[in-house]
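Participant: Residues or ranges marked as Zn(2+) binding site by TrEMBL: Cys365, Cys367, Cys370, His396. What TrEMBL lists as compositional bias 'Polar residues' is 1-29. Feature annotation from TrEMBL assigns domain 'tRNA-guanine(15) transglycosylase-like' to 51-428. The annotation region 'Disordered' is assigned in TrEMBL to 1-30.
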Amino acid sequence: MTKALTFTVQNPQPSNLSTGSNGDSQSPKQKCRLGQLEFTPPTTTTATTTDTTKISLETPNFFQYTIQGLQPHLVPEVASHLESMPPAIRVNLEGFVKDREIPVSTEYPGKLHQFLGYPENNSPLLLLDIYDPVILERNIKPNSKSLGVDTEGGLQRITGKGLAKIVEKYRPDIFVLPADYVFSKIEELYEGKRVKKSVERTKNWITEYMDTSLSQSQKPALFVPLTGAPNETLREASVNFVKELDADGNVIDGYVISEYGIVGGYPLEKKLDMAWSSFSSLDQNKPRYMVGVSSPHDVVMSVDSAGIDLFDATYPYAVTEQGFASTYVFGDISVESRKDETLKGHISLWETPMFGDFGPLVPGCTCFACQRHTRSYVHHLLMTHEMLATVLLQIHNIHWYNNLFKAVRSSLKDGSFNEKKCAFLKNYVKQGEDGNAKYLLNELILLQSQTISPTTKAGYKKFGRRLSEDSATTA
Ligand SMILES: [Zn+2]
């Protein structure tokens, strides 16, 4: 049987890297890598021809972030005009669960792609996972039989079998198998019995899912989550389970490490070490997806230290929600006309001086917003709470984020990654007064700790309530 989803690792030549000016500091075990993810959609029943458009994704790359299947602030018509975005979206099942009912519309005849408005023969690669990566803490009471989803009608439980039915109905291209994540920033929770339970429950749920036969002709590609961090023995148990599951190498298509699976409180370096310890003993020719890690410096570090191939795009959304436009640059910043702004990582369109600034959001940017509109106009839209403000900012921020990935890939190709990585981290990660690293591109953390986003007056009520309680206890 030929696989619908394939992944090819195209590592940079180590000889190129070692001849660079930073050649000596190059680690002999190169973790960062280039890859090519290819997906052949199933032939549709209504298609008149048999040709299927193959979806190609160069990695490192990202899945576009969605809320209830739609990109924040961008209706599909606008989103379709964004240039050269990765043709891949991440849908969170959680967003579809509105009450206690199983979140499957049994009446809708098509698959999730069509429900979300994508044409049958030209849909993006659709990955279905369970939880929204922006939300890091939940109270969902999982047990050995089922995971929990917090809905407006109360807690809903879903078993492995239930998930299989949902997948059968939605027909995603990739499904991330369930895991019992420890949704908390309390480190002690990760040290004791809770992690042991997490590994066991994950195993139970996945086994039940795998034992439920699906009737559809093309089953989704499966990404499997790795759990057990920070306990080495449990990490190993999780890896061994994945190996058993994939005994013939044909069941699992990719690996997932989730931010909430590896402790919100630990420094990123430590999390990446844990992630690498799991990845390194698994098949090196399968893609690695890091859920919940999205800030540019985190992306660069994850590519470098754990060989991550795929990310989320929650960061540009977080930047937009603050009324900011991204300005960070991965590469030579000496040529930037507004170097002060570049080094800041973003500009705030709320600020009063923007009132009289008739330049684009970022000089030289080729996005729709920068080509047609001024800072002054976006400032005006924000002040009057016009929705177009966040539309234009999101267009710029997602375009800018896409540029980051393009720059990372091109530096991996020409061997300049190491040099640019060092410069980038020097610019955007500073030493704090307490001796800890201070990450300048922290808009995601800002969003996660806010009661209500500054750009939405009444929105995200539930989201806001939950987070305000959390920030009150963690402040
Ligand atoms: Zn722009």
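Backbone N, Cα and C define each Cβ position, glycine as well.
TrEMBL: automatically predicted annotations, no manual curation.
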Participant: List, in sequence order, the residues of the same chain other than Cys365, Cys367, Cys370, His396 whose Cβ lies within 8 Å of the centroid of the Cβ atoms of the recorded Zn(2+) site.
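Facilitator: Along the chain, the qualifying residues are Ala325, Pro360, Leu361, Val362, Thr366, Phe368, Ala369, Gln371, Ile395, His399, Trp400.
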Participant: Near Cys367 (Zn(2+) binding site), which residues of its chain come within a Cβ-Cβ distance under 8 Å, counting only those 6 or more away in sequence?
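Facilitator: Sequence-distant Cβ neighbours: Leu82, Glu83, Ile395, His396, His399, Trp400.
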Participant: Can you see whether DSSP assigns Cys367 (Zn(2+) binding site) to helix, strand or coil?
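Facilitator: Note: Cys367 (Zn(2+) binding site) is coil by DSSP, not helix or strand.
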Participant: Rank the binding-site residues Cys365, Cys370, His396 by the number of other Cβ atoms within 10 Å of each Cβ and report the first-ranked residue.
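Facilitator: The largest 10 Å Cβ neighbour count belongs to His396.
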Participant: The domain 'tRNA-guanine(15) transglycosylase-like' (51-428): mean pLDDT?
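Facilitator: The average pLDDT of the model in the domain 'tRNA-guanine(15) transglycosylase-like' (51-428) works out to 90.
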